[in-house]
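A quick write-up on the structure given underneath.
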Amino acid sequence: MPAIKARAFVRRLKDRIALNRRAFVLYSVLRALVLVVLVRCVLTGRWEGVALSALSLVLFLVPAFVEDLAHVQIPGLFQAIIFSFIFAAEILGEIDHYYVLVPGWDTVLHTMNGFLCAAIGFSLVDLLNRSSRPISLSPLYVAIVAFCFSMTVGVLWEFIEFGFDTFFGLDMQKDSFVTAISSVALDPTNQGRRVAIDRIVRTTVTTAGGATTTFSGYLDIGLIDTMKDLLVNFVGALAFSIVGYLSLRRGESGNWAAGLHVTPLSEDQYEKSEKCLDSIAADRRRRRKRS
């Protein structure tokens, strides 16, 4: 019985995505590609890839779940960007190694993340301010809150990456090779003096067992990657916050930014969407009976 209810719930979420035709077309294409990747990973024994593929399929349903839970409408453009982001990050980035093979792939995704999270921040301010006595908020205040929300999400994600690297031995905070370092930890007098080493050509690491590994330069453990990710997240958040601020100040609602604005549904609108979902489910049952 729980399995039947779970399948019905997932089917309902898919039907909700289908209410927006363009978003559903993209969802269907990406879902099919993920299933192909999942099968490929099973056949090659890449179980981490299997897990990431399954996770991607679940994440694809999150926008529809949020719509159902919070009685809101996520625009088709926003859903399409979310689907594309998940596919680019998990399938292309992690499974197909685009983070390593394609220069700047990680940078582009973190910039997009900052942009999207700022859009979510704008929507949250509006949604949380919907009440019988809404407070009039200045465009600048809304923009600052959205920017801070996006940066907070970016920082929390770096915490997650650090946690996985520390406790599971992953390399989510990608390491970098540098040719110069400067550190007070190298001060033999322990007086906090900065010791700089320039023009590093190679570094040799010796383990307790006597094994040695030599590589070019000096290995920076994740710091450069983390700061670069936060910087491009800052750029994305700032870009959308400026656009959102100008849109609110000018009172524009029909521009492209409106396509990234989550809006609450009235009771009538929500009931109408539920009737559409019931109609889709009824049509599917009739087709099954005919076949």
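Using N, Cα and C of the backbone, Cβ positions are placed for all residues, glycine too.
If you check TrEMBL, you get these features:
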- 21-43: transmembrane segment (TRANSMEM)
- 49-66: transmembrane segment (TRANSMEM)
- 78-95: transmembrane segment (TRANSMEM)
- 107-128: transmembrane segment (TRANSMEM)
- 140-160: transmembrane segment (TRANSMEM)
- 230-248: transmembrane segment (TRANSMEM)
Beyond the flanks of the transmembrane segment (230-248) by at least 6 residues, Cβ under 8 Å: 107, 110-119, 122, 139-140, 142-144, 146-147, 150-151, 154-155, 158, 255, 257-258, 260
Closest-packing stretch to the transmembrane segment (107-128), where packing means Cβ pairs under 8 Å, from 21-43, 49-66, 78-95, 140-160: 140-160
Positions whose Cβ lies under 8 angstroms from the transmembrane segment (140-160), at least six residues beyond its ends: 110, 113-115, 117-122, 124-126, 172-173, 226, 229-230, 233-234, 236-238, 240-242, 244-245, 248
Intrachain neighbours beyond the transmembrane segment (78-95), with Cβ under 8 angstroms and 6 or more residues off its ends: 17, 20, 22-23, 26-27, 30, 33-34, 37, 41, 46, 49, 52-53, 55-56, 59-60, 62-63, 105-106, 109, 112-113, 116, 119, 259-262
